[in-house]
Amino acid sequence: MSDDIHGDIHLPVLLERCIELLAPALQEPGAVIVDATLGMGGHSAGILARFPQATLVGLDRDPDALAIAGERLARFGDRVHLVHTVYDGIREALDGLGIAEVQGVLFDLGVSSLQLDRVERGFSYSKDAPLDMRMDGTSDLTAERVLAEYPEADLRRIFRDYGEEKLAARYAQRIVAARQQGPITRSGELVHLLQRATPAAIARQGHPAKRVFQALRIEVNQELAVLERALPAAVDALAVGGRLVVESYQSLEDRIVKRELQTRSRSSAPAGLPVELPEHRPELRLLIRGAELADDDEKAANPRAAPVRLRAAERTRASEDRRGS
């Protein structure tokens with residue numbers, strides 16, 4: 001972007017579409033939008049500029065991202081509140097600010113541009129770096145520790161479940177054998193090991209490290225477990241008429257998002273009940289049928305949008321246990 005204050009800031013994915021989906025909920029005075037995955041603040045800057053009456057609560061587990069976003073969003077003054085937390089801490093973050101409910105929540109899931117582009121973070125299999133992969137550098141678990149300490153069965157499970165890797169058993173076995181000779185500390189070492197363990201026919205189908213690196217990143221940061229807690233918390237934080245927008249980038253995330261939104265957009269009335277009681281009515285109304293993908297123009301302008309799956313919903317009724325009800 002031409003007005004970026006940092007050279008490594010990239011175009012936010014589907015910004016205009018996210019704004020369009022959030023707009024009906026953010027028109028009212030005093031509207032609060034939670035950017036649950038703040039990153040470097042690209043989506044937030046666009047939203048705050050478009051809705052001058054809105055207040056932002058930005059959450060991120062990465063202190064580096066918070067620092068960059070804080071500088072980028074400084075021009076919006078006291079309309080911005082940034083919180084260092086993982087996004088399943090949304091309720092606690094809002095309570096700390098004295099906010100009972102919000103008009104919008106945005107999730108832009110997965111690894112951020114900042115984390116991918118900074119080689120020393122170890123997220124990329126295309127550059128040699130320490131095997132770190134922590135989104136929050138203050139946390140303890142690293143990819144190096146996972147490779148050094150996890151039993152073979154756990155490595156196999158992680159590669160299979162989080163990477164959907166067909167060679168999970170083979171890779172886990174080779175890693176355990178290799179670490180007997182010395183620790184695997186760098187991404188280049190791991191890539192070389194995986195390449196040697198991959199049959200040529202399979203290697204031609206794609207980079208052998210892609211799924212393993214995804215699996216390690218998800219394990220280190222507990223991304224799927226956090227998402228499963230964060231989505232219900234986000235829905236519960238929405239005021240009636242508030243909107244939730246979620247961008248996911250791989251099928252494991254999208255399945256969780258799809259399940260949560262579909263479940264809460266259906267009646268919970270028991271089968272055979274002659275009348276649907278108010279407490280059984282759907283809490284959400286889906287705003288998009290299925291998942292929306294980036295069009296060719298978006299992908300050409302912003303290649304990072306290629307794998308995105310966008311889902312959105314509107315809050316239609318409050319939970320029975322909503323505070324203040």
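Cβ from N, Cα, C; glycine included.
What Swiss-Prot says about this protein:
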BINDING   Gly41, Gly42, His43, Asp60, Tyr87, Asp108, Gln115  S-adenosyl-L-methionine binding site
REGION    295-325  region 'Disordered'
COMPBIAS  311-325  compositional bias 'Basic and acidic residues'
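Feature map: annotations from Swiss-Prot on the structure.
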{"residue": "Gly41", "record": "S-adenosyl-L-methionine binding site", "DSSP (3 states)": "coil"}
{"residue": "Asp60", "record": "S-adenosyl-L-methionine binding site", "DSSP (3 states)": "strand"}
{"residue": "Tyr87", "record": "S-adenosyl-L-methionine binding site", "DSSP (3 states)": "helix"}
{"residue": "Asp108", "record": "S-adenosyl-L-methionine binding site", "DSSP (3 states)": "strand"}
{"residue": "Gln115", "record": "S-adenosyl-L-methionine binding site", "DSSP (3 states)": "helix"}
Intrachain C-beta neighbours of Asp60 (S-adenosyl-L-methionine binding site), sequence separation six or more, cut-off 8 angstroms: Thr37, Leu38, Gly39, Leu66, Ala69, Leu82, His84, Thr85
Candidates Gly41, Gly42: member of the binding-site residues with the richest Cβ shell (10 Å): Gly41
Residues satisfying Cβ distance under 8 Å from Tyr87 (S-adenosyl-L-methionine binding site), sequence separation of at least 6: Ala36, Thr37, Leu59, Arg61, Phe107, Val226, Leu227, Ala230
For His43 (S-adenosyl-L-methionine binding site): intrachain residues, at least 6 apart, with Cβ closer than 8 Å: Pro12, Leu15, Cys18, Asp35, Leu106, Asp108
Annotated S-adenosyl-L-methionine contacts Gly41, Gly42, His43, Asp60, Tyr87, Asp108, Gln115, maximal Cα-Cα distance (Å, integer): 17
Secondary structure content, the region 'Disordered' (295-325) (per DSSP, counts of residues): 9 helix, 7 strand, 15 coil
